[in-house]
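**Q** My questions all concern the structure below.
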Amino acid sequence: MASATGIPEQHPAASSGHAEHEPLLGRPGDVSQKEDQALITNLVTGTATIAQAGIWILAALVWNGVFTHDLIFFSPHPLLNSTGVLLTTQAILILQPTHTPPQKRRGTLTHFSLLALANLCFVSALIIVEINKAPHPEYRFHSVHGIMGLITYIFIVLQALVGAAQYFYPVFAFGSVDNGKKIYKYHRFSGYVVFVLELATVAAATQTDYNMSTLHIRLWAVLVAAVLVLGGVGARIKKQKMKIF
């Protein structure tokens, strides 16, 4: 049974008689921010620590690969993209546990700010790769990573536009505040899809000529980091907020 806030009620029996049988990090989707908790604690509650371990490992793999070699014009591309994914992870983790109106507002504004920075990184990374490829257009979309990258960038922009419109301009974009709220569950669902696509694109980057010949970032290492990120983030998803079918 759900409360008025949409958060499942905790029955006494569940909190006492079965407490010793609860998983150490809680059950899927049950992490909620407490009334007196600072918003920033959402970054490390429950399985967020697993996601944090994964995303920082992923970032370290990329940054180590870039900074241990001579820097070239293209070098900021992987640095900016990995930073964008890192910021996106923080944006997701900080919003997931919020459930009261004040928490949701603060969480959403912080979520928006982090994603604005992330998207700035993504756009900058796209500009760099376009300039780098300009003298040799035949090499555009030469790899799976290149194709996935373009698709990912497009979805990131669409996701950002819909998210900003539904929260800041619901009447203008959707006709009413209520119509804007109806989009929330679709925005959440598509956001997770885009996030998976971002991680998959990073994994595909390990098979590019640049990585194979210069950076030497291992695919298996990226996949392990990605699994940690998705496991940590996925375990905190509140499925009742994404019933779209």
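Heads up, the Cβ atoms here are built off N, Cα and C, so glycines get one too.
TrEMBL labels come from automatic prediction, so no person has curated them.
Under the heading domain 'Cytochrome b561', TrEMBL lists 41-239. Under the heading region 'Disordered', TrEMBL lists 1-31. Annotation source TrEMBL lists transmembrane segment at 43-66, 78-95, 107-127, 147-169, 189-205, 217-237.
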**Q** Compute the average pLDDT of the predicted model within the domain 'Cytochrome b561' (41-239).
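**A** It averages 96.
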**Q** Please work out which recorded stretch in 43-66, 78-95, 147-169, 217-237 has the most C-beta pairs separated by under 8 angstroms from the transmembrane segment (189-205)?
**A** 147-169
